[in-house]
Amino acid sequence: MGTAGGGGALRLAGLHGYAAEFSPYWPGRVACAAAQYYGIAGCGTLAVLEQNQAGIVLLRSFDWNDGLFDVTWSENNEHVLITSSGDGSLQIWDIAKPKGPLQVYKEHTQEVYSVDWSQTRGEQLVVSGSWDQTAKLWDPAVGKSLRTFKGHEGVIYSTIWSPHIPGCFASASGDQTLRIWDVKAPGVRLVIPAHQAEILSCDWCKYDENLLVTGAVDCSLKGWDLRNVRQPVFILLGHTYAVRRVKFSPFHATLLASCSYDFTVRFWDFAKPIPLLETVEHHTEFTCGLDLSLHKCGQVRDVTRTFHLSILTSSVKAGLQHSDLE
């Protein structure tokens, strides 16, 4: 099923990658969400891979009857993941079991493009974002959603929990807004008209509860301080096509990474006069998925639309281990 490449790369034939996420438990282990035929038709695959001395190996794979667009690891079980699908459903998988999924939750009426498991202590909550313009709150132990969040006027591409504030998450949408929500409060907490183009990704700074970054079809990344959203606190330019994923570093407060439909992964330090630190041009297709390792400072994983998975060590002095997916 998989073809290993040099320098920490793997290609899975017939699959197109959409998301990659490092395990919070196992260094070098990553889960990838993928689809056939660019997610337009066909099935999806959850692939769990691991890097060892020989390269990247495929540990397990699970198939679903529609494309898979995002994946998130459980925060209380090292073997459990949740994926989101083009058929409007979420799937819970246990990679220690030979078959799956364990549970399927289907309430969204269109593609589910984003899913995230809360990292704050004491919470076992999952948020999903869909093309049906809603976000939904889930407890994986409950068979139905706990709440539906409405207000976006376009596709929701990204939902991400705050790593600081319990019950708080952000969503990014094709309606050009970034929105902040509190699961205990009615309605939306904050609406930020962040770009004059569709926003495809957002992420929360691991060191500042008020700082988020957005990436959009206008090729830019923008930083937002929730205490004053009239102007972005930084704008990062350099990509030549839409920014598909943005990720803050888990090790450094001002470092972040982005991947784009321009086939590149870029590393930035928004505190520097020249913020672009490095551009990695090892893909030949849209780079859709990106994650930074929690275990190894400097390791990055990315994945592209032709499912070319790479694990790289950035030459950035501060170090970022990342995974990207083509």
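Note: Cβ is positioned from N, Cα and C throughout, glycine not excepted.
Summarising the annotation, TrEMBL assigns repeat 'WD' to 71-95 (among others). Model confidence over the repeat 'WD' (71-95) stands at 96, taken as the mean pLDDT rounded to a whole number.
Residues 69-76, 80, 82-92, 154-167, 169, 171, 173, 181, 183 of the same chain lie 6 or more positions beyond the ends of the repeat 'WD' (105-148) yet place their CB under 8 Å from a CB of it. TrEMBL lists 105-148 (among others) with the feature repeat 'WD'.
Sorting the repeat 'WD' (149-184) by DSSP state (H, G, I as helix; E, B as strand; all else coil) yields 0 helix, 18 strand, 18 coil. Feature annotation from TrEMBL assigns repeat 'WD' to 149-184 (among others).
For the repeat 'WD' (192-228), the residues of the chain that approach it from at least six positions outside its boundaries are 154-155, 157-158, 160-165, 170-174, 176-180, 234-237, 239-250, 253, 256, 258, 260, 262, 268, 270, judged by C-beta separation under 8 angstroms. Taken from TrEMBL, the feature repeat 'WD' applies to 192-228 (among others).
The feature repeat 'WD' is assigned by TrEMBL to 236-269 (among others).
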Residues from the same chain, set at least six apart from the ends of the repeat 'WD' (149-184), whose C-beta lies under 8 A from its own: 113-120, 122-123, 125, 127-131, 133-137, 190-204, 206, 209, 212, 214, 216, 224, 226
Intrachain neighbours beyond the repeat 'WD' (71-95), with Cβ under 8 angstroms and 6 or more residues off its ends: 19-21, 23-26, 31-33, 35, 39, 44, 46, 48, 59-60, 62, 64-65, 101-119, 124, 126, 128, 130, 132, 138, 140
Secondary structure tally of the repeat 'WD' (105-148) (DSSP, helix then strand then coil): 0 helix, 19 strand, 25 coil
